[in-house]
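Single-structure report; data block below.
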């Protein structure tokens with residue numbers, strides 16, 4: 001029996017060698033392998049093979065899987081791009097490969113039982129949930145935007161409309177963690193690292209449950225504060241995120257690198273418009289112990305980027321535009337040359353992480369789509385890297401998932417689709433990839449996704465909107481999510497966190513750098529000409545013209 005390849009793909013998903021377009025980004029992926037055996041496929045539904053006596057094993061759930069996602073195309077920095085089934089047990093990825101009943105099929109990796117729930121993944125794409133390491137939690141509604149974009153892990157600062165830039169108070173952290181029990185996202189908080197004494201930093205870690213520090217110029221990014229934060233971080237194995245001294249009052253970029261003295265740091269919005277040494281903080285992008293990241297307002301570089309950032313800077317930094325000094329400080333941070341070079345550095349793998357900077361000059365729900373819009377822009381400018389865009393797509397998915405997890409010590413739990421990790425998975429229709437997820441699974445449980453008219457006869461009746469699923473209600477959000485804390489909080493055992501979440505210690509944050517990131521390990525001498533603004537990498541000029549329009553935008557959003 002033969003079947004038309006398009007008809008086969010419509011029923012069973014694409015085969016090895018088939019190609020998929022990712023939204024309107026211009027990116028095309030090729031399926032590298034297929035775990036299915038043609039002619040003996042696993043498929044759920046009326047008259048299909050996922051039945052007792054056929055491809056479902058009559059066994060207790062504890063001997064099979066709780067949930068299986070069948071025949072989905074995985075895009076993952078670790079797994080590559082391939083069609084597999086994903087077995088989930090007790091909230092974690094249990095098996096990856098061919099699904100079915102080993103009593104009736106050969107080569108089964110994912111045992112599906114008569115008690116297993118099935119998510120039909122045929123025709124869909126699965127990615128690991130995105131990890132956003134730069135979120136100003138000024139509003140609880142940020143979580144709606146984050147979940148609706150495919151973010152399942154947040155490293156945050158603040159606990160509402162307060163001037164925080166890090167949270168140190170055990171009292172405040174107690175209530176902030178408690179508030180998150182209503183949301184199916186993993187959460188970690190950064191303590192404020194801008195202190196010349198270590199006492200409030202240690203207090204934040206051991207008593208409050210913070211998972212790292214934020215050193216910010218608005219609160220002090222001088223020599224003593226930066227060194228203090230790094231010393232405490234080295235002792236407790238947590239990450240330090242840096243928003244460096246944009247006024248160069250105490251330190252230039254060269255001075256900051258000397259203070260680091262080879263110690264690992266995560267340099268936020270490394271392009272500089274979001275803050276940092278003027279005009280050349282981008283020099284830190286090529287340094288072996290500096291993990292650089294971008295925030296999404298400058299991604300990809302577009303025609304309106306320069307104009308829109310002035311008002312954003314004034315607002316979030318409480319500047320007064322009638323004061324000449326304040327206006328000049330804002331304008332000095334906006335440089336078209338570094339914005340254009342930022343896209344190119346991402347494409348070369350010299351910047352390994354993207355994040356939102358939500359409500360601190362970024363948009364919580366746009367990191368995923370802006371990252372892939374940037375990838376599409378770079379393909380349009382520099383051309384495809386081969387017969388398909390697999391390498392480029394994997395490089396960019398790593399910026400959203402495994403690399404931020406590695407930087408903040410979360411990669412033993414999240415960031416990739418691997419056996420043993422939390423089953424934080426996002427399912428996408430290919431035509432909506434990067435823009436709007438179809439379903440967000442938190443620890444394998446439906447948490448957010450497309451929902452239809454609740455009074456309709458089927459769940460696909462319009463209007464279709466993104467909204468909370470059962471994993472976002474009742475006691476479930478806390479039970480399927482974790483709180484990332486410092487090991488000191490677990491060792492001391494005296495934190496006052498009321499959360500029912502499992503506490504997980506961050507680890508492996510020190511002594512790492514770009515070389516430890518996935519698919520984004522380029523280092524080199526990045527220089528910014530202070531007169532012309534031209535950016536070079538190892539002497540080669542980096543330029544990118546502002547885009548007139550970007551993908552994953554107006555086609556999907558009003």
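Yeah, the Cβs are placed from backbone N, Cα and C, and that goes for glycine too.
Quantities reported herein were computed from a predicted structural model and do not represent experimental measurements.
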Candidates 347, 357, 387, 388, the one Swiss-Prot lists with 134, 136, 214 as binding Ni(2+) 1: 357
Swiss-Prot annotation, Ni(2+) 2 site containing 214, 243 - matching residue among 197, 222, 236, 269: 269
Mapped DSSP class for residue 317 (active site, proton donor), helix or strand or coil: coil
Site with most surrounding Cβ atoms, counting all protein chains shown within 10 Å, from the binding-site residues 134, 269: 134
Three-class DSSP secondary structure - residue 357 (Ni(2+) 1 binding site): coil
Separation of alpha carbons, residue 216 (substrate binding site) and residue 357 (Ni(2+) 1 binding site) (Å): 13
Subset of binding-site residues (134, 136, 269) lying within 10 A of residue 216 (substrate binding site), CA to CA, in sequence order: none
Among 136, 216, 317, which are recorded positions, the residue with the most C-beta atoms within 10 angstroms of its C-beta: 216
Non-site residues, in chain order, whose CB comes within 8 A of the mean position of the CB atoms of 214, 243, 269 at Ni(2+) 2: 134, 165, 215, 216, 241, 242, 244, 268, 274, 275, 276, 357
